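Take a look at the structure set out below.
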Amino acid sequence: MGWAVARAIDMLVWAAIFLLIAVVLVFAGIRVGTDGPLIVTGTAAEGDTFELRYVANPWLAYLHIVPGVFYLIGAPLQLWRRFRERHFAFHRRFGRVLLTLGLVSGVFALGFGVPFSYGGAWQSLAAAVFGSWFLVSLALAYRAIRGGDVRMHRRWMIRAFAVGLGVGMIRIWVGIFAGFQILSLEESFAPAFWLGLSMHVVAGELWLWWRPNEDGLPRRAALEPVVE
Ligand code: HEM
């Protein structure tokens with residue numbers, strides 16, 4: 001494949017990443033705008049509304065959403081090769097912060113998403129499966145870098161990020177199903193979770209197949225041991 005084609009694909013992937021992050025930010029903003037006033041004034045959401053669960057369980061919900069949003073905004077900086085190479089000390093320090101944010105968000109994706117899903121049991125199952133995959137990927141990425149294996153660190157971090165980004169794809173599927181009245185909003189959630197997140201796991205694997213290694217990245221890095 002020519003250099004120009006590879007570069008065009010890179011640009012498209014980055015554009016998709018920023019678009020999906022923007023989608024997540026819009027929905028996080030809507031959440032805060034809707035739930036915030038009710039939570040602050042201690043008012044319960046009325047009836048069978050979507051926000052009922054967020055307002056009734058603000059700690060579980062926002063310990064998922066807030067760290068998740070910061071993780072998603074910060075991660076592209078870690079994945080951007082030129083920035084990483086120029087600011088390696090920052091990459092390490094910021095990486096620890098983002099890892100913690102991702103783990104907290106993932107734990108509360110399970111803590112909130114499994115018992116309080118809007119779309120029922122199939123959505124809960126998707127949250128359990130992909131939430132665990134997200135946590136395992138982050139943990140294995142950390143273990144790899146502690147052992148000096150940069151290649152595996154990259155692979156697991158890309159897998160984790162692909163799932164995190166899938167959250168934006170879920171909203172797109174909900175928009176298609178509910179917007180075109182193929183399903184009700186409630187019925188849209190479970191298929192949107194399964195479709196959106198599995199598409200992203202596959203996309204992550206395709207990327208890793210196409211780019212098994214970044215140019216010049218050694219199989220084992222000549223890293224000095226990480227000092228805490
Ligand atoms: C790491 C980046 C993540 C961010 C920024 C994020 C953000 C959000 C936001 C903004 C909501 C509120 C949705 C809305 O009002 O439309 C939400 C809900 C939810 N998220 Fe995440 N999330 C992330 C990762 C994950 C992961 C990896 C999972 C596991 C599969 C997950 C599972 C859920 C579940 C189950 C809900 C509840 C949906 C419902 O209302 O029923 N999230 N997330």
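Including glycine, each Cβ sits where the backbone N, Cα and C put it.
Copied over from TrEMBL:
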TRANSMEM  12-30  transmembrane segment
TRANSMEM  59-77  transmembrane segment
TRANSMEM  97-118  transmembrane segment
TRANSMEM  124-145  transmembrane segment
TRANSMEM  157-180  transmembrane segment
TRANSMEM  192-210  transmembrane segment
Distant-in-sequence neighbours of the transmembrane segment (12-30), which means Cβ under 8 A and at least six residues beyond its ends: 65, 69, 72-73, 76, 165, 167-169, 171-172, 207
Close approaches to the transmembrane segment (157-180) from elsewhere in its chain (Cβ under 8 angstroms; 6 or more beyond its ends): 17, 19-24, 27, 68, 71-72, 75, 78-79, 102, 105, 130, 133-134, 137-138, 141, 187-189, 191-193, 195-197, 199-201, 203-205, 207-208
